[in-house]
Amino acid sequence: MGEYSKALSAYKRSLEIKKIALPPNHPNLAGSYDNIGLVYDNMGKYSKALSSYEQALEIQKIALPPNHPSLATSYNNVGLVYDNMGEYSKALSSFERSLEIRKIALPPNHLDFAQSYNNIGLVYNNMGEYSKALSSYEQALEIQKIALRPNHPDLATSYNNVGVVYDNMGEHSKALSSFERSLEIRKIALPPNHLDFAQSYNNIGNVYNNRGEYSKALSSYERSLEIGKVALPPNHPDLAQSYNNIGYTYNKVGIYAKALSFGEEALNIYKKTLPSNHSSLANAYNNIAEMYPNYLWQRAAQRERQLKRSKLRKIYYEGCRWEMCTICQQEFHY
């Protein structure tokens, strides 16, 4: 969290200086707003990120030609924030506008096309249109296979994306294969606790969960959470997703107290960071609603067992006392 705050402070100071030194709609001002938006986005402060990205876009609309590649980048940034906020129609519109500009401004297999197709696939996946999502992700992957070295991190991202769709389509073996390929590349290309590993372990956990292999799922989710705690601010929505997944898995295996604890942790973070109508927030409430009766039932059952044990002990000790009294009476009579 401290590093993000330092970066934000530096970018804001840079913007103040540029506002004094440059004309009001100079393109360099847009760059500063983009940088500020990126930090807010990484911090999970999506409303502030959107405001900064939109300020950058407005400056670029005035200062740049209509089909300049930088405009495509700004539309892409706006789309990413809308997607994080759960506003998928707005996200898709922004990503498609970005792609239109790139088709005019860039050569056919430019890597920016892969970014566009990946992001369009992301929205379709979130909207539940999995065949469209898979098609977009595969277009991105084909471009990257041509343009990038075999173990480039962006290839890992695309394999991961393909895996997510396969998992949502119920093709868990294909999903696991894609996720493991992504993880292999990341182990070669990235430092050990890079945030992308949290994504890989989380998604592998999802596959195991869907296959009913809950101990493996729990192990993967916990590894993801460990990395996320190091790499992310304390109230980042991605951490909430990890807490939510761990809670869901504990609920499946009948450890309801832990399930409820993790579920409530997820809910608290989502309430602080997401809009009130976001689907992840609704999902967290739904999970709590499922967990709580199970927790109450288990707690009542435990109390009943404790009460029975207590009664049995009482009967046992009373029996022992009665037996000792009988022995004493016999001895005394003798």
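Here the Cβ of each residue, glycine as well, is placed from N, Cα and C on the backbone.
According to TrEMBL, the repeat 'TPR' annotation covers 30-63, 72-105, 114-147, 156-189, 198-231, 240-273.
Beyond the ends of the repeat 'TPR' (240-273), by six or more residues, the same chain brings 44-46, 198, 202, 205-206, 209, 214-215, 217-218, 221-222, 224-225, 228, 280-281, 283-285, 287-288, 290-292, 294-295, 297-299 to within a C-beta distance below 8 angstroms of the stretch.
Listed as Cβ neighbours of the repeat 'TPR' (114-147) (distance under 8 Å, sequence separation of 6 or more from its ends, same chain) are residues 72, 76, 79-80, 83, 86, 88, 91-92, 95-96, 98-99, 102, 154-155, 157-159, 161-162, 164-166, 168-169. Across the repeat 'TPR' (30-63), DSSP classifies residues as 31 helix, 0 strand, 3 coil.
Taken together, the residues of the repeat 'TPR' (72-105) have an average pLDDT of 98.
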